[in-house]
Amino acid sequence: MTNDNRSLVQRLAVIAALILQIGATTLPSMGYGEPIGSRSEGVDTLITPAGWAFSIWGPLYVGSALFAVWQAWPTQVKNPLLDRIGWPAAGVFAGNGVWALYTQLNDLTGISVLIITFSLVCSLVVLRAFVETPRPFTFKEKWLAALPLCALSGWLTAATIVNASAALKYHGLVLSSQEGANMTAIVLVGGALLVALALLRSRGMPWYALAFLWALTGIYFAGGQQFEIIAVATMIAAVLVLIGMAAPLKRSEHRRHWFGDAPINEVPV
């Protein structure tokens, strides 16, 4: 950490970005734009998860809010982990808010892909900090920072792929049913392989993996019910992700990293 104390600007930026992330979704209720769900239905593809899968945003919003409030608490001004992840976390929240504003006012276009990719990149910076933390997390770091932000990143990984597919359809790239199913299967397995490799190199990241698996479950009960090849691909993808998560967690130091608690006096709590 370059300074003894985290800046007030950083702590307030996280809160402001959180307000944007959550508040942006209320635009249609004020008479502007269309709900994100309606936009998604207009350009849904075989890789779009079932509607109920998007309910994950409820817990993600709650987790984001708890993190934003906790990180701004006076006792956290000297926390080196929060100093490292504060700005990229603000970038994730702000990117999600801008994405919601743009999508509701426009559609799931190529620009929306660029915006959500920005959010994803910021979330991956946060994940890297979590993985490289040399000690177990404190109880509050684990449940108020690592869990919600890792889960958010896992969902954003899947959402970026879904958004890219929807944008291609929006811009006129429409494949035949079987071609679309084949391409979806390839993307699912290929994407899951990349995720699994990342998990193997990142101590297993259980909460990231579980959020991605939630997305795969939603895809199985949507496109997977229309084409057998997609159903099989989602199952293969799920196995790959589970292996990527479970293999590192066989090592006690990795389990302790994610699930253990650091001594209470090691960092500010």
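Cβ coordinates come from backbone N, Cα and C, glycine included.
What TrEMBL says about this protein:
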| type | residues | note |
| --- | --- | --- |
| TRANSMEM | 12-32 | transmembrane segment |
| TRANSMEM | 52-73 | transmembrane segment |
| TRANSMEM | 85-102 | transmembrane segment |
| TRANSMEM | 108-131 | transmembrane segment |
| TRANSMEM | 143-168 | transmembrane segment |
| TRANSMEM | 180-200 | transmembrane segment |
| TRANSMEM | 207-223 | transmembrane segment |
| TRANSMEM | 229-249 | transmembrane segment |
Interface present between the transmembrane segment (52-73) and the transmembrane segment (143-168) (three or more C-beta pairs under 8 A): yes
Stretch among 52-73, 85-102, 108-131, 207-223, 229-249 sharing the most Cβ pairs under 8 Å with the transmembrane segment (180-200): 229-249
Cβ contacts under 8 Å made by the transmembrane segment (52-73) with residues that lie 6+ beyond its boundaries: 11-12, 14-15, 17-18, 21-22, 37, 79, 82, 86, 89, 93, 140, 144-145, 147-149, 151-152, 155, 211, 214-215, 217-219, 221
Within-chain partners of the transmembrane segment (108-131) [C-beta distance under 8 Å, separation at least 6 from its ends]: 39-40, 43, 81, 84-85, 88-89, 91-92, 95-96, 98-99, 102, 137, 145-146, 149-150, 152-153, 156-157, 159-160, 163-164, 166-167, 170-171, 202-203, 205, 208
Tertiary contacts of the transmembrane segment (229-249) (same chain, 6+ residues out, Cβ under 8 Å): 46, 181-182, 184-186, 188-189, 191-193, 195-200, 202-206, 209-210, 212-213, 216-217, 219-220, 223, 255, 258
